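Swiss-Prot has this to say about the protein:
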| type | residues | note |
| --- | --- | --- |
| DISULFID | C80-C123 | disulfide bond |
| DISULFID | C176-C190 | disulfide bond |
| CARBOHYD | N199 | N-linked glycosylation site |
| CARBOHYD | N216 | N-linked glycosylation site |
| CARBOHYD | N237 | N-linked glycosylation site |
| CARBOHYD | N288 | N-linked glycosylation site |
| CARBOHYD | N329 | N-linked glycosylation site |
| REGION | 1-25 | region 'Disordered' |
| REGION | 68-329 | region 'Confers specificity for binding DRS2' |
| TOPO_DOM | 1-44 | topological domain 'Cytoplasmic' |
| TOPO_DOM | 353-391 | topological domain 'Cytoplasmic' |
| TRANSMEM | 45-65 | transmembrane segment |
| TRANSMEM | 332-352 | transmembrane segment |
Amino acid sequence: MVSLFKRGKAPPLTKEGPTSKKPPNTAFRQQRLKAWQPILSPQSVLPLLIFVACIFTPIGIGLIVSATKVQDLTIDYSHCDTKASTTAFEDIPKKYIKYHFKSKVENKPQWRLTENENGEQSCELQFEIPNDIKKSIFIYYKITNFYQNHRRYVQSFDTKQILGEPIKKDDLDTSCSPIRSREDKIIYPCGLIANSMFNDTFSQVLSGIDDTEDYNLTNKHISWSIDRHRFKTTKYNASDIVPPPNWMKKYPDGYTDENLPDIHTWEEFQVWMRTAAFPKFYKLTLKNESASLPKGKYQMNIELNYPISLFGGTKSFVLTTNGAIGGRNMSLGVLYLIVAGLCALFGIIFLVKLIFQPRAMGDHTYLNFDDEENEDYEDVHAENTTLREIL
């Protein structure tokens with residue numbers, strides 16, 4: 001029976017007393033931080049709604065006007081290898097073309113498929129620029145149905161490797177799997193992103209047709225400046241590494257000291273490595289920021305290498321100028337106008353309701369007490385007044 005009443009040892013005492021789970025007596029831990037809790041009333045809500053509508057309306061209109069000034073040409077050449085003629089230029093089906101110019105286009109874009117002695121195919125695009133376009137001119141490729149934002153895909157590279165460090169095979173980031181090694185050699189650069197790099201080749205000259213002069217383009221400074229610092233020249237020996245599987249067409253005999261890619265200066269690679277957030281995206285490949293594009297007829301030659309049929313997507317050639325917020329994008333301006341319209345609509349509804357069906361008790365003047373009411377209140381709460389009398 002004695003064991004039933006045996007007590008355990010008490011917690012050790014300290015100078016501050018026994019151990020306690022009480023939170024520290026601070027404003028944050030005790031939830032005493034200062035806060036602002038505004039009282040929503042017609043006098044405060046209506047001006048706010050009207051203010052937002054007045055601000056968002058001109059912003060939305062400005063964004064739409066800026067977007068409409070952007071001139072662009074988009075040609076989907078995904079089916080050039082199957083639908084284009086190999087003998088003469090033919091009109092491209094209308095569903096593969098989209099353009100916005102200040103002047104009317106008289107001649108429809110055309111395409112033709114060519115093949116050299118090595119079996120390499122090229123898609124030749126001819127198109128008309130109906131009016132002079134002021135600088136700057138940008139050439140993008142557009143990909144659809146490609147989910148670069150997949151978690152495994154986004155993480156599939158080795159940070160130290162792209163910084164130029166000669167990482168050993170066993171030390172490579174596991175996220176590079178299954179593109180880590182082949183034939184007991186390290187894949188450089190490893191990972192799914194590098195392996196799936198877009199490799200259609202655009203000519204760096206818009207060849208003028210008839211009396212139109214050639215228009216030169218460049219692939220310099222097409223990547224973000226911060227990206228150019230992320231990629232460094234590798235310290236690997238060419239004999240210790242192999243290219244990714246999908247690069248074998250470009251490097252059929254593997255790497256040598258002469259053809260080893262320098263990702264520090266290879267800006268097309270840097271552009272591709274910055275993954276897109278949506279399955280439809282544009283990536284810059286060429287540009288000219290020094291000269292305007294004269295009106296006339298031009299030809300762009302594209303060497304076909306990228307197999308979009310593997311993921312059921314499309315690839316397009318995009319020639320465009322830029323506006324205040326980039327390319328031709330009406331969505332942002334429309335969203336601003338929608339918000340402005342909703343604010344104006346709710347403001348009108350609240351105003352009409354306030355006029356025809358006011359809420360009297362919502363007036364703040366009812367929170368003030370005059371002297372007579374204070375005296376009555378003090379009388380009711382006198383010391384000798386019982387609870388029964390108050391009720």
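In case you wondered, yes, glycine gets a Cβ from its N, Cα and C as well.
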Glycosylation sites compared (N288, N329) - highest count of Cβ atoms within 10 Å: N288
Close approaches to the transmembrane segment (45-65) from elsewhere in its chain (Cβ under 8 angstroms; 6 or more beyond its ends): 324-325, 330, 332-337, 339-341, 343-344, 346-347, 350-351, 354
Least buried by Cβ count (within 10 Å) of the glycosylation sites N199, N237: N237
Close in space, distant in sequence - N216 (N-linked glycosylation site), Cβ under 8 Å, 6 or more apart: Q204, V205, L206, N288, A291
DSSP-derived class (H/G/I helix, E/B strand, else coil) of N199 (N-linked glycosylation site): coil
Structural state of C80 (disulfide bond), classified by DSSP into three states: helix
Cβ neighbour count (within 10 Å, all chains shown) around C80 (disulfide bond): 23
Those disulfide-bonded residues listed as C123, C176, C190, and which of them has the most Cβ atoms within 10 Å of its own Cβ: C190
Shortest C-alpha distance to C123 (disulfide bond) - which of the recorded positions C176, C190, N237, N329: N329
Spatial separation of N329 (N-linked glycosylation site) from C190 (disulfide bond) - C-alpha basis, Å: 35
Rounded distance in angstrom between the Cα atoms of C80 (disulfide bond) and N199 (N-linked glycosylation site): 16
